[in-house]
Amino acid sequence: MSYSSALIMLCPSLLTDIPACTNGAGNEHKSSGFGPVFEEQPVDTIYPEESPEDKIIMSCRTRANPPATYRWWLDNTEIVIGNEDDYSLMGGNLVISFPDRSKHAGNYSCLASNEFGTLVSQKASVQFGYLDMFSSDEREAVYVKEGQGAVLLCDPPPHFPEDLSFRWMLNEFPEFIPLDKRRFVSQTTGNLYISTVRASDSGNYSCFVSSPSIAKSVFSKFIPLVPIAERSLRKYPADIKVKSPDTYTLLGQNVTLECFALGNPIPQIRWRKVDGDLPVERHNISMSGSLLHLYDIQYEDEGLYECEADNSKGKDRHKVHLYVEGAPEWVEKISSSERDIGGDYIMSCLASGKPKPHVHFLKNGRMNHELRFTDLTFDDSGMYQCIAENRHGTIYANAELRVFAGAPSFEWNPVKPKLLGAKNGRVVIDCKPRAAPRPSISWSKGTELLHNSSRIFIWPDGSLELLNVTKSDEGKYTCLAENDRGRANSSGSLSVTDATKITLAPSSADISVGESARMECAASHDPTLDLTFIWSLDAHVIDRDREHYESKMDGQAGTSSSELLISNTQLRHAGRYSCTAQTPVDNVTVSAELVVRGPPGPPGGVRVDEVLTSSVRVTWSHGTDNLSPISKYSIQYRDVQAQQDWRDASTSPVNVEGNAEMATVINLTPWTEYEFRVIATNTLGTGPPSDPSPKITTRETRPVVAPSDIGGGGETSRELTITWMPVQPQYYYGSNFGYIIAFKPHNDPEWMRVTVTDPQARKYVHKDSKIPPSTRFEVKMKAFNSQGEGPFSISAFIYSSQDVPAEAPTIIEARTLSATEAVVSWVPLQLQTVEGYQVRYWRESVENEASAQRALVSSRENHTRLDNMKPNSHYLIEVRAYNGAGYGPASQRHKIYTKKAPPSRPPKIIGTKMNYSGTTINIAWEQVEPLANESTVEGYKVLYRPEGQPSGMLYTTVKQSIDLPMKKGDYLVEVRAHSEGGDGAVAQVRIAGKNTFTLVHEDRFRRCFYVKVTYK
């Protein structure tokens, strides 16, 4: 960061025709008026070329007395209002009618003037915004293999300004693509990046571009993306395609860096600052690592940032340099001032910024040659501006300088009429009349003219000082001021009071953290005056309402006392406590020391060196012991990548004494990033930890942990599948980690070895046509890294896959049960390798073999039921045995013909009738006539069940009616036709019964039922 200052500028005038506005020599001060003060200034404006508005308004408003007049400039040329129809004034605002880029684009400034001077506003640009349509040319299709990455180019149309935002549509508006760790849209280029293309990505894509400055959006022609299917998806290493260029940003702004990589598996993205740490609480990483946001940029954020993308196939890195510069900011600026005629004055400005700002001055709108004044005159009055600028901006500081002349006057600042002084004390009486040129000052007491002596002194500023005041000094004092324009005087009466004295001073104390301390203070004073006690710590007044502090005060005429209680003291409460007894006339102060002892402060300067595979040396410097010697140190560590909590470290020596400044931390894990901190302890407790050390990574060494849970066996014929539990990352102990697998037939002396480079792999399949089936293999594994190989695991024993069954079953019988069901049985194979049977069946000449229905049956069964068949159809059936190696040969195909479908029409209920005794009810229906493609009716099934229950009594009959017993409660009667093709559609009757009741008729009793029949 650089600073620029200006005292004198020797620059030619750029605004030579602006008249100077001054007070005029000899004019007296005009107290009621003032020069222009900006309340509203023009701002940068972007006018959309397609805007329906037909004007631009540039603001300019000031506060001034008398009111200001306004003029406007465009690119250093004055705009003549009235000569051109394009421009008009509305107050101080400039109205541009029917804006045209060729005539009205440029930098505008406003000048405001009155009799006190002229001010120039900040410059403001007028620019014309546009966003053209995309080209109407068709976009070419993009063909990409599944698993590879893809980039779809946006190629935005011509536009201004550059602040565009980008989204992508899929197939139709407004279906915008959701972004995730696999898909990314660069807000720099607008391109769409897909790290790993999948079949689901197929479609038509369009780039949707928005310009927030002109509120307009356009979208491109659709780009077809065609994924090309692969038999097996290949893996591709991480390849960074979105790379933020070296970036310039401004102090206090926010910046976003982009990074996105193609690859399969989807790469993981991480950010770091190469030459330091990412700013704490001022950064955020989003979009699965693709975006690094830096907030409220500071100069220390400048440096090199690295993005790393990695997957199991490889890594890629990109570095971007961030440069931080700053727009001008005022460190010191001019302010309005009134100065005496004939005096000296310097107006100065100091601005910071990067690059270093250029600073210059204006007076009344003209370049000014100097801002150092000697022997001020009225011509120096006016409106001054300090301007600081660099390539990032321009700032203005405005001020009015007035030169004043006048005879002395005490109207605004008379001598205090009543003055008090303490006996034996010191009294200063101010005399500050308003006058220019500076007046001569003299003092008198009564009629006696005073002169400097051992007790009386007249200061250069006119104040009168009296030392060792006594009662004889009481009386009337008069100040007389005189210059070449006149004279004036002002008087005040002095009264002398008794001096204030401390009668009880606070005592020093020595305590420990958490204890309480009490301090007392008493004073005598003049009984006519009020006294106040003020307590302070190290010259800072104590707020009595703060936690830990409580004060009390007691007093009577001439004597007062105060008590300060400090409860639950902390280290920050130690220091020099002062009690000040104060009256309106004098004060007296006494002090005492409070010593607070406590646990030690944090150690400093923690560093790490002598880094080995499992140990490091930690050094530090002693922190404050807080007045109690440090007895021991403890060291803590944490694994940075695992984001562990802090843990106590094992050290050598085991006990680190209080006078130590280094120790060796042992039992660390190789190739692990750590940070350390140190904590001190004394007899009063354990203090806070130090700041963490710089991060270090222990050295690499060969691994010592082998994969566990080794297993596997045969899956497909002539294959040997080996599985294991991968080693956890903390046990890699080095880079380029992988596995070595050794295996052999159990009794074979020769081992076969293979290498697996993926540390997260869990499975290896060895394919070899010479592998004998169902053979016992011995398998062992070990890990390796760049430093060497680790130990082998304990051997595990697995079996190679068995061969598929070599024989085909023989079908004994296949017959239909109904229109949709059949049963098939076969002769089971006498092979131990058979795990079960697969039955396939499909409609002949209608369905192909590939779409056949399948049924799996255990090896313990030799028959199964086939369902979901179509009525009145020819079916082919075959059976084959299977095991873990696959399916054996199929049996000879057997052909069956399913029966016709059952009747599709339900019986029509034609009557329900209860017998005279009420014990039965008769249900009758019409004969069901099947259609031509339906089975012949062989009879009827009647289900009689309680309502709400699935089961009941099932009756069969060849008649068209049935008598059912009458029961209490609600029942359902379901009637359906039965045929060789199965049961037909159902008709349903609901019977609602009530309890018996007695009817009396002609002196005879009869028992009756009420029956309600509901048809469905």
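Keep in mind that glycine also has a Cβ here, set from the backbone N, Cα and C atoms.
Quick look at what TrEMBL lists:
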type	residues	note
SIGNAL	1-16	signal peptide
DOMAIN	36-127	domain 'Ig-like'
DOMAIN	144-219	domain 'Ig-like'
DOMAIN	237-323	domain 'Ig-like'
DOMAIN	328-402	domain 'Ig-like'
DOMAIN	408-495	domain 'Ig-like'
DOMAIN	500-591	domain 'Ig-like'
DOMAIN	602-701	domain 'Fibronectin type-III'
REGION	682-714	region 'Disordered'
DOMAIN	706-803	domain 'Fibronectin type-III'
DOMAIN	808-901	domain 'Fibronectin type-III'
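Scored on C-beta pairs under 8 angstroms, the neighbour of the domain 'Ig-like' (328-402) with the top count among 36-127, 144-219, 408-495, 602-701, 706-803 is 36-127. Each of 36-127, 237-323, 808-901 was scored by its Cβ pairs under 8 Å to the domain 'Ig-like' (144-219), and the highest score goes to 237-323. With helix defined as DSSP H, G or I and strand as E or B, the region 'Disordered' (682-714) counts 0 helix, 11 strand, 22 coil. The average pLDDT the prediction assigns to the domain 'Fibronectin type-III' (808-901) is 90.
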